Ligand SMILES: *Cc1c(COP(=O)(O)O)cnc(C)c1O
């Protein structure tokens with residue numbers, strides 16, 4: 001174990017992103033590995049939040065058009081900045097809603113069942129909220145989820161095979177909704193291959209980027225999914241409940257929003273106050289109501305950090321961090337099974353470990369100032385974050401975990417999850 005400390009320190013010394021750690025509020029001694037659930041606060045995000053508060057203080061109603069970040073255009077401006085994270089064109093991205101709300105908007109917009117095509121294809125491993133949204137949208141269309149929602153099965157309980165997904169893209173499927181990265185196993189799907197397969201079959205396809213935005217660069221100009229949606233409170237570090245994002249491929253520009261509101265309007269016409277909507281001809285059309293500015297504000301600062309660090313560099317470091325973590329686990333903690341895929345083009349930003357005592361091992365880790373996250377039924381997710389986790393902290397995590405296992409320090413806890421896990 002000790003010999004790897006030298007390796008860790010060497011990796012830290014060579015890390016071009018090391019200085020970004022100073023941009024974040026970290027706690028002494030605490031190793032935070034839960035940035036894939038809630039990213040930490042940065043000084044920039046704090047500053048931009050205070051900036052928006054000040055513009056409210058200073059300009060009141062005129063803040064919509066005045067100040068450093070006029071509120072009226074903020075969702076569009078930040079959307080254009082976010083487009084770089086996914087390799088999209090300007091106007092294809094808007095900052096709005098939340099993962100689940102944006103998924104509702106996308107289904108309402110793109111799910112137009114015909115006699116032949118009535119089904120939505122998803123998978124059995126996806127996040128529950130996505131499935132709840134899909135089922136409720138089917139019901140709103142008078143279609144029973146039992147018959148019209150197809151969930152691709154996993155062969156091993158943790159990952160999906162692209163072949164299985166494609167084999168389920170039958171002629172009665174209208175829409176496919178998948179995660180870019182699965183929230184438990186961290187499997188990264190081959191987006192381009194899936195998009196091509198869907199489009200060859202005349203099927204619309206969209207992706208939930210909750211676990212890839214801000215940690216994996218996408219190239220949507222090349223892969224061209226029809227739409228994508230995400231939250232900004234995980235790897236994007238924009239704060240609890242911060243406003244999410246939405247991508248719509250430009251070939252769909254002009255398509256009416258399924259769920260309309262006055263913020264869907266062409267901005268120059270919005271205040272005409274007509275009862276006939278003239279919607280925007282880009283991703284902005286899929287906004288609904290007034291943007292939640294105080295929950296958008298931290299994103300202004302967060303995105304500056306992404307601009308400075310570069311998403312490619314973030315991915316490179318993230319892969320090195322997870323590589324190092326997996327190597328140490330294999331050598332020192334044989335009782336854990338690594339269930340995330342190990343190939344670089346098949347995994348996201350976290351490592352997922354399986355252990356029958358996972359729930360109480362997580363409690364023991366927290367007692368030892370390592371913050372993991374637990375997922376039912378027996379999984380521990382560890383996400384070292386490129387912006388603020390050091391290689392030495394990865395080493396220290398394994399050291400503390402090894403101590404917990406050697407001394408059975410977890411046995412004093414109940415093997416049950418907390419309410420929030
Ligand atoms: C985090 C996450 C969500 C959360 O949705 P919200 O609407 O932001 O609460 C949804 N789907 C996936 C895959 C997630 O990882």
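In case you wondered, yes, glycine gets a Cβ from its N, Cα and C as well.
Keep in mind that TrEMBL annotations are predicted by a computer and have not been checked by a curator.
Taken verbatim from TrEMBL:
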type: DOMAIN; residues: 75-221; note: domain 'Aminotransferase class I/classII large'
type: BINDING; residues: 99, 100, 127, 128, 129, 130, 208, 211, 233, 262, 290; note: pyridoxal 5'-phosphate binding site
type: MOD_RES; residues: 234; note: N6-(pyridoxal phosphate)lysine
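In this view, the densest Cβ surroundings among the binding-site residues 99, 129, 290 belong to 99, judged by other Cβ atoms lying within 10 Å.
The C-beta environment of residue 127 (pyridoxal 5'-phosphate binding site), restricted to residues of the same chain at least 6 apart in sequence and closer than 8 Å, consists of 179, 183, 208, 210. In the structure as shown, the Cβ atom of residue 208 (pyridoxal 5'-phosphate binding site) sits within 10 Å of 28 other Cβ atoms.
Within 10 Å of the C-beta of residue 234 (N6-(pyridoxal phosphate)lysine) there are 27 other C-beta atoms, taking all protein chains into account. Per-residue pLDDT, averaged across the domain 'Aminotransferase class I/classII large' (75-221), gives 98. Broken down with DSSP, the domain 'Aminotransferase class I/classII large' (75-221) shows 59 helix, 27 strand, 61 coil.
Cα separation, residue 234 (N6-(pyridoxal phosphate)lysine) to residue 99 (pyridoxal 5'-phosphate binding site), rounded: 11 Å. Its own atom aside, the Cβ of residue 233 (pyridoxal 5'-phosphate binding site) has 24 Cβ atoms within 10 angstroms in the protein chains shown. Residues from the binding-site residues list (99, 127, 129, 208, 233, 290) with a C-beta closer than 6 Å to any atom of ligand 1: 99, 127, 129, 208.
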